Amino acid sequence: MICKSNQDDCKYEYLQLKNGVKVICISDINADRSACAVSIKTGSYDDPNDYSGLAHFLEHMLFMGTEKYPSENEFFDYISKYGGESNAYTDNKLTLYYFDILHRKFKGALDRFSYFFKKPLFIENTVDREIMAVDSEFKKGLNSESYRIRRMLEICCHPDLPESNFTVGNLETLKKPQIRNKLIEFWSQNYHTADISVCLYAKESPEVLKNMAIEMFKDVINNKNNCSNQKILYDNFKIMEKYPFKPEFCNRIIKIKPLKDISKLQINIILPSEYLYLDINPYEFIEYLLIKEEQGSLINILKNKGYSFGLDIDYDSLDSYTHFSISVCLTSKGCKNYLEVIKEIYFYLKNLKISEDDYIDLKNIRNIEFTFLEKNHPIEHVENICRALQYVPYGNVLNYKYLFKKFDKKFLLDLIGLMCSQEKWLVFLINQNGKFDEVENIYNIQYDLGEFLPSLGEKISEIIPCDSYKCDVLKIEDLLMEK
């Protein structure tokens, strides 16, 4: 059973093919078009050391012809001819492909699409052109503040960890004599059926869509037994041998010169993966507590002192950990008094009240939001589901962000304690003023390793005891939202 909102009249069915591919079929008799997404649980963090951007390059090359449809423009021409659109993206640990099209041409598009994952050709005379396409994306990102900050995060990580990889790729990292052979090797080693999720959306009945999924994806080959470069997976946060951020970058101000006239403070913290604690949903709750705009709230304090225009919380989760960030848009006064801003954040976290009443309030808010949640656009819908299916039980692909099943005060307090461990903080001060002695060699980012943070409080133990918070395998019926 897949939990859905009261406003959602679609029918959902889950199946797992014999080869391991996971599929969710969505039947919507009112849909105005059909859509499909495929996600693979591999991404830029799986790039070989000497081939930065290879996963991104593979994403481009899969569109360039297959054994059944060898013309390099066959898929895009078909999609365009029948009123559809298609795209893909490569993330740290996930690559996702998607398209939509007129209903009557869905099966033809799906057949062409499925061959990306069965028999891609990697046509040799398309290699150079697609390397240039990747390089073009890289060059566009040179003027992107978000790309530059992401690159700074990479260089602050241990060089022997995948987090330090330059993920986009460019001409320098990909224009190599054996690149096509390396690409084929990467595809065969990383595109395993057990790591592939599919989501279909169309007018047809769930049974028809299930048969279509079986027909199209049953022949995807499982190469995992032949894999010579097995991925190292972390079972939980405790097993990580190294904290991702290099110690020389932690607990100090990293000053970064932006291209635009902006002033921002960003505190980056590594925490246990949210996927281990779906029933608690800790980061949604902590975000709720931090961004509330009321008397005595963090943003209220910072605004009243003239330090900030706004506050943003973001977190990105892998199987092994969650990267949690607190970003403050600084006023000129806040920029001059950035240490005071950091202290305000620290002491607010340190004294954050963890109340079951607040947890229940948020649970009720999210219950109402989910109950009346409207359907997304078909492409967005299949994309979100296909991504979620890689990390959460299939019954909760629609509602896992809305789940608040278990209030665990001790765990939440320990998590806040972990967040207050300033010796592990990676702090970025983004502002055009000051001196910048270092230059990053890909994006030419000017930065400086500034002063160490003053001691803000007692040292907190850096890791939650794993025996205390071991994640049990949860049953679908136990996770479904209470009505």
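In case you wondered, yes, glycine gets a Cβ from its N, Cα and C as well.
Since this is a predicted model, take the numbers as computed values, not measurements.
Summarising the annotation, TrEMBL assigns domain 'Peptidase M16 N-terminal' to 23-140. The feature domain 'Peptidase M16 C-terminal' is assigned by TrEMBL to 180-354. Here TrEMBL flags 370-462 as domain 'Peptidase M16 middle/third'.
According to DSSP, the secondary structure content of the domain 'Peptidase M16 N-terminal' (23-140) in residues is 51 helix, 27 strand, 40 coil. Counting residue by residue with DSSP, the domain 'Peptidase M16 middle/third' (370-462) contains 33 helix, 14 strand, 46 coil. When pLDDT values are averaged over the domain 'Peptidase M16 N-terminal' (23-140), the model yields 97.
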